[in-house]
Amino acid sequence: MKLIESIEEMQSTAINARQAGKTVALVPTMGYLHAGHASLMDEGRKRADILVASIFVNPTQFGAGEDFNTYPRDLEKDKLIAKAAGVDYIFAPKASDMYPTGYQTYVNVEKLTRPLCGASRPGHFRGVTTVVAKLFNIVMPHLALFGKKDFQQLTVIRRMAADLNMTVQIVGMPIVRESDGLAMSSRNAYLSQAERQSALCLSLALQSVRGAFRSGERSVEALRKLALDIINAEAFAVIDYVEFYHEATLTEVEQADDRTLVALAVKIGKTRLIDNCVLGED
């Protein structure tokens, strides 16, 4: 496994791989890797000849007062996890190279970025789509793998790739959870022991909603109340949103069906966590 920091070296490596007839898979990350990231890498390893993991805490997707400066970083540990997952190259560019002096070009997906996290984190998705577009141009992957925990992000990136005629295949992978149900996230490291216990309200709320749906409940109003009651019972929890959307269009629905996305964003103490499920999926 090789660590590459230079954009030019990563591009030339990708060009050489493609010219040799090899397929390239990319797993974009912000580092502080966990088993969720490893599952993406494992899948990429199966599907491609060359596996690249990018590690870049992208400043343009953090807003004022967010956690860019405190976001957890541990490159040495990340290298061990990536190597164990069969990564060939870690691409870890410097922010000053990705956004040099005079940089002024951004990629913006319009409608899909307005609800959910886009409403509470203005500018976030513009930063995400810009950095992902840049990574696609640098790494030139045949496929790129993203986790479904960031469901809106996955939907937005798919839209960007389609709208801009990018040839990269976007692969969405299932959420990886801790043994007690908490969705794996680098931000879980912020949680105190008590907050960590409180954070289970997200997955418990989703389980309750899914159970009621499978028992025949279709009213979004009733299903939302189930989720709200569970989350509001936790002392540390402050709800950002509990929403029911069509999974493909991210438009609100009043009656739930198999393609309804249940999306949650909840602050546990100072830590903002997200989780989701699609009601028709296991």
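Our numbering is plain: 1 for the first residue shown, then up by one each step along the chain.
Placement of Cβ uses the backbone N, Cα and C atoms for every residue, glycine included.
Positions annotated as ATP binding site by Swiss-Prot, on the basis of sequence analysis: 30-37, 147-150, V176, 184-187. A sphere of 10 angstroms centred on the C-beta of V176 (ATP binding site) encloses 18 other C-beta atoms.
The number of other Cβ atoms within 10 Å of the Cβ belonging to H37 (active site, proton donor), over all protein chains shown, comes to 26. If you look up Swiss-Prot, you'll see H37 marked as active site, proton donor, on the strength of sequence analysis.
The (R)-pantoate binding site annotation in Swiss-Prot covers Q61, Q153. Within the same chain, residues at least six positions away from Q153 ((R)-pantoate binding site) with a Cβ under 8 Å of its Cβ are C117, F125, V128, F146. According to its DSSP assignment, Q153 ((R)-pantoate binding site) is helical.
Its own atom aside, the Cβ of Q61 ((R)-pantoate binding site) has 21 Cβ atoms within 10 angstroms in the protein chains shown. Look at Swiss-Prot and you will find Q61 tagged as beta-alanine binding site, backed by sequence analysis.
If you take the Cα of G36 (ATP binding site) and the Cα of Q61 ((R)-pantoate binding site), they are about 21 angstrom apart, rounded to a whole number. According to DSSP, Q61 ((R)-pantoate binding site) is assigned to a helical segment. Across the structure, L33 (ATP binding site) and Q61 ((R)-pantoate binding site) place their CA atoms 18 angstrom apart. The two recorded residues Q61 ((R)-pantoate binding site) and M30 (ATP binding site) have their Cα atoms spaced 11 Å from each other.
In sequence order, L154, G172, M173, P174, I175, N276 make up the list of same-chain residues 6 or more apart from K148 (ATP binding site) whose Cβ falls under 8 Å from its Cβ.
When the neighbouring Cβ atoms lying within 10 Å are counted for each of the binding-site residues (M30, L33), the highest count belongs to L33.
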